[in-house]
Amino acid sequence: MAESNFVDYVKIYCRSGKGGRGSTHMRREKYTPNGGPDGGDGGRGGHVILRGNRNYWTLLHLRYDRHAMAGHGESGSKNRSFGKDGADKIIEVPCGTVVYNAETGEYVCDVTEHGQEVILLKGGRGGLGNWHFKTATRQAPRFAQPGEPMQEMTVILELKLLADVGLVGFPNAGKSTLLSAISAAKPKIADYPFTTLEPNLGIVSYRDGQSFVMADIPGIIEGASEGKGLGLRFLRHIERNSLLLFMIPADSDDIRKDYEVLLNELKTFNPEMLDKQRVLAITKSDMLDQELMDEIEPTLPEGIPHVFISSVSGLGISVLKDILWTELNKESNKIEAIVHRPKDVSRLQQELKDMGEDEELDYEYEDDGDGDEDDLDYEYEEEDWEDK
């Protein structure tokens, strides 16, 4: 299979910068032989920062840039001169990116807004220069603080697409056809199952310049939540959707049963998915006359809005848009904060292996060569840092 440009999982090694050493310099001038300490503070190590960017919609740009390392802070110097702060490392990610610790599976953070910045790893604070430690009884301290050490972590970045409506259905249910009919998206469409191999997004225009975003994911089959088919990998892309549009073709042997199978797969994957608003669309309904529609109506699932549609003939499309817009704007449909559960590490590693993302990313770095002038052991307490 050709390598896809849609990358929603990537493993990267991150390392912040260590703080620069404080200086132990003693002031020495022609007419000031005993000038005392004037060593400056070390610079702060650079942070590793995630920044949301709506111009990205996959993690492809990170697949070949697996090491994110911030700069180290420089050492302080004479005349109480501060060392230069290390350069921050900013990682641009698409909105909807979730971060997990690759070793423990624990949730770390997520980025959902354009321009949102999250400090993933903090750089070490710079060490205090010796002038901070001058006292009445200690006029010439010949020690300074070392900078705080760097932090490092290997993380998994997982993309969960941000959309208002998520399309849910079996393969070949007409999801991609609907998306292409009501938006400018051009997903691959063919008369065989599993045509859609990766998620697609489309912006659906409504009235008065209003619009909403629709996401199409590969078809779900029974057992998808256990890893069958393509469903498991892509089910997470509808976790953030406000509303789920279930699509079942009119020629189904049992529409209610198919709906319950789909619902059960979502429940098994994440029980919270059942809290989302749902709409049912019976697709390919241009093959039905009104009499057949009337016969099918009583057999449909109860308690959710439904509509007969045909993406080819346009039957019911405007009604579907009205229903979706109404449901999206209900007060009960506002998404609450998503609870990100820890990942099963063994399952996570297997997914990474399947996608070729399981390579070791430990990075051997060289010493920054700050010199040995200030390389003195100093046991300091936390209060040494305060109010400095």
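Every residue, even glycine, has its Cβ placed from backbone N, Cα and C.
Feature list (source: Swiss-Prot):
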BINDING   169-176, 194-198, 216-219, 283-286, 310-312  GTP binding site
BINDING   S176, T196  Mg(2+) binding site
COMPBIAS  36-45  compositional bias 'Gly residues'
COMPBIAS  356-388  compositional bias 'Acidic residues'
DOMAIN    4-162  domain 'Obg'
DOMAIN    163-329  domain 'OBG-type G'
REGION    18-45  region 'Disordered'
REGION    352-388  region 'Disordered'
Discussion item. On the three-state reduction of DSSP, what should I expect for G169 (GTP binding site)?
Written reply: strand
Response to the item:
Most isolated by CB count within 10 A, of the binding-site residues N172, S176, is N172
Worksheet item: Which is it, of K175, K284: the one of these binding-site residues whose Cβ has the most other Cβ atoms within 10 Å?
Response: K175
Worksheet item: Which ones are near S176 (Mg(2+) binding site): of the binding-site residues E198, P218, K284, S310, which have a Cα within 10 Å?
Response: P218
Discussion item. Summarise the region 'Disordered' (18-45) as counts of helix, strand and coil residues per DSSP.
Written reply: 0 helix, 4 strand, 24 coil
Fill in: Helix, strand or coil at K175 (GTP binding site) [DSSP, three-state]
helix
Practice prompt. Output the one of G169, E198 that, of all these binding-site residues, has the highest number of other Cβ atoms within 10 Å of its Cβ.
Written response: G169
Item to complete: Using a 10 Å cut-off, grab the number of neighbouring Cβ atoms around the Cβ of P218 (GTP binding site), all chains included.
Response: 24
Item to complete: Within 10 Å of the Cβ of S310 (GTP binding site), how many other Cβ atoms can you find? Include all protein chains, please.
Response: 21
